[in-house]
Protein chains: 2
Amino acid sequence: MTSDLTDEAFLADFAELSAIGATAAGGVHREAGTEADGRAREWLRDWFGRHDLHCRVDAVGNMYGCAEVVADEPWVLLGSHLDSQPTSGRFDGAYGVLAGAYAAAAVAARPGGARFNVAAVNWFNEEGSRFSPSLMGSAVYTGKADADAVLEVVDEDGMSVRDALGRIGFHGGDVAPPAQSYAEIHIEQGRTLVDDGLDVGVVTSNWAAYKYVVTVHGEQAHTGATHMRYRRDALVGASQVVLAVRAVADEFGPDTVLGSVGRFITEPNSPVVVPARVRLAADVRALQAETVEAAHARFLERVAEIEQAGEVHVEIESAAFRPSTRYQDDGVALAGEVADELGLRWRTMPTMAGHDSVNLKDVVPTVMLFIPSVDGVSHNEREFSTDGQMLAGLHLLTSTARRMVTGALEAVPVP
Amino acid sequence: MTSDLTDEAFLADFAELSAIGATAAGGVHREAGTEADGRAREWLRDWFGRHDLHCRVDAVGNMYGCAEVVADEPWVLLGSHLDSQPTSGRFDGAYGVLAGAYAAAAVAARPGGARFNVAAVNWFNEEGSRFSPSLMGSAVYTGKADADAVLEVVDEDGMSVRDALGRIGFHGGDVAPPAQSYAEIHIEQGRTLVDDGLDVGVVTSNWAAYKYVVTVHGEQAHTGATHMRYRRDALVGASQVVLAVRAVADEFGPDTVLGSVGRFITEPNSPVVVPARVRLAADVRALQAETVEAAHARFLERVAEIEQAGEVHVEIESAAFRPSTRYQDDGVALAGEVADELGLRWRTMPTMAGHDSVNLKDVVPTVMLFIPSVDGVSHNEREFSTDGQMLAGLHLLTSTARRMVTGALEAVPVP
């Protein structure tokens, strides 16, 4: 039953998927391993079943919809992630999973000339909002993280990945299909394609980043009875850290360095207690590794200044560097060629945000595609791409996948 | 069975009470209406029973240990609160409740000359960390808050005061004993008595305060894909508010104005999401109302400057003013007289922190006593007062209560 892979069916299915964990403002709230994530996963498993894709679930909850068309050969994987940030948009990740599923089913329905098998994939916990770090499922798949260690990661309420996956029925035992190559399509989450009036982007490299986990230590005290000169206020110190990250980004001029603090937890967090500790997650990003290293150095200098003031101790618990690396040139050329054939307006561009493809490209030839985000809004319920933009991307992914299955990226070396 | 009201028994009982909800670092974690608060309350109810004090529990969980020695006359109340801040000290509140219970039982055992009845009291939710605002039980008792409204207040997890009290078995139906006067003893929570080498303090007035609930509004976005110029980062704005409060306190010079932000909640609080909103609780305090009004005005000016920068909207949801008012002079004179009789070194002083007595003094003659806090540390597990300091305070409270029960504050006018 693969006759319904029409544009209309895609849009109808996307609307159905978007209703799972939907928010009143048009977004979704579907963090990894939650009940809403579980329902989205069940929906996808049903979809796989109705389109002759055999569903496998591995130990860390990655889902594969497999069409084995050439026995014992490796797999072209096509996918993204169904999990979302809290109160976020309905396109981020979910669009790419559904497009991957449609492309895989279309290739499987007419597999003429296939040299490899094809599978759609939904990676577990790309977002990293509930369980840290992000890109979790693809990190295990590519051997960058250990499955047993990942399963022990706990959320703020102390629930482990293992228990969360077990509870929603997606702590699987299947062997993951070995990849020959990978393609992913995603919303841009920035304004480049919109500003340039283009249909699609072909990603050439990812921005470099430093991601920090920081604890600011002060001394718990009474807000109403402790004189200012005796205070060691962790929240004052942490606020200085937040503004230091912003100042570092500003120092480098427009559009060069991004810097933010996203997670910020105050303890004990009572109206009349001077905070004892603040735990925060910061990041600093730039296209060039040298730039992000320079920003990192400036951040450390500013942290040292905050500590020298003597009120708080700023502990940088971890500073994880993500290098800027290139997507394989042959994959970029292939996608550009297909885009030209389809009459799409396109450009090459880096990705500022992280994606599962950043992990995959280190182990297999990987193609990363973008469609425009209206106003560049993302991680926000107002995130939006038009039906036409989604369908143009779907066609590009499907045609690129056909070429990959017939061996277009067979001889591409991986570093 | 009231023969065991010795100093040794008091210290043993205080150790037993301190073990309920104890933390490894020597403090307690016993927020209002929690299971640990429930166990402390059961312990107190048992103590009342063993010392012939009849326990009444009113609708908002205030507990009274009543000795009716003169039928139909009003009551001298002696007490404080058993609830604590999170991971806080074992002396704050609990010392005053146990001292009140010992004093009440001692007076009841030898009630010669009594013109009034006597009761120990444990006020519900003095701290206000779990359920806001603070001084909740005494506010209902003194008619400043409505019991039904208070019972609907919910904590961060959505549990109401009504349900929390019901769950621990302290949503009572008893009539509260009407007060003729009130006395409370508490740790100072500052360093004045320690620095001056004194045994006790007699409180003459409370500091004035502004307490704010503020929401900073930004726009949720992707930390990795949103250019800095498009950001409206609520956490950056809220950090500026935290530093504005600090700057206001610093502006007024040493020991004049206190200012802090204690509660600070970031939403959606994901490592890769630019925060959409921060909710925070701030306070600004000073001895003189004029000073706190001036600090309030400066805070509003600084908030306006933050808003003018254009990145965030700072909504001041409420700004509650607590005036500085005096404890009745006759009560101060009485306590000083008794302290002299007992050979204690004492001084008069204002209270910087709020106490239930701040509510009570507006409706009945009220005596507020302090014992020293070693190093002035409070709302911290390191909070400490010595056995000798506690016993000196207990003796002062007991002797003062005897004088109150025999009518020492009978003719004192209340504003």
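FYI, residue positions are counted from 1 along the chain as it appears here.
A Cβ is built for glycine as well, from the same backbone N, Cα and C atoms used for every other residue.
Marked as Zn(2+) 1 binding site by TrEMBL: B:H81, B:D92, B:H186. B:H81 (Zn(2+) 1 binding site) is surrounded by 29 other CB atoms, counting those within 10 A of its CB over all protein chains shown.
The Zn(2+) 2 binding site annotation in TrEMBL covers B:D92, B:E127, B:H379. Under the three-state DSSP scheme, B:E127 (Zn(2+) 2 binding site) falls in the coil class.
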**Request:** Between the Cα atoms of B:D92 (Zn(2+) 1 binding site) and B:H379 (Zn(2+) 2 binding site), find the distance and write it as a whole number of Å.
**Result:** 8
**Request:** With an 8 Å cut-off on Cβ-Cβ distance and a minimum sequence separation of at least 6, pull the same-chain contacts of B:H379 (Zn(2+) 2 binding site), or say none.
**Result:** B:Q85, B:S88, B:G89, B:D92, B:Q189
**Request:** Let me know the DSSP-derived helix, strand or coil state of B:H186 (Zn(2+) 1 binding site), please.
**Result:** strand
**Request:** Starting from the Cβ of B:H186 (Zn(2+) 1 binding site), draw a 10 Å sphere and report how many other Cβ atoms land inside it.
**Result:** 28
**Complete:** Cα-Cα, B:H81 (Zn(2+) 1 binding site) versus B:E127 (Zn(2+) 2 binding site), nearest Å, comes out at 8
**Asked** Between B:E127 (Zn(2+) 2 binding site) and B:H186 (Zn(2+) 1 binding site), what is the CA-CA distance rounded to a whole number of Å?
**Response** 13
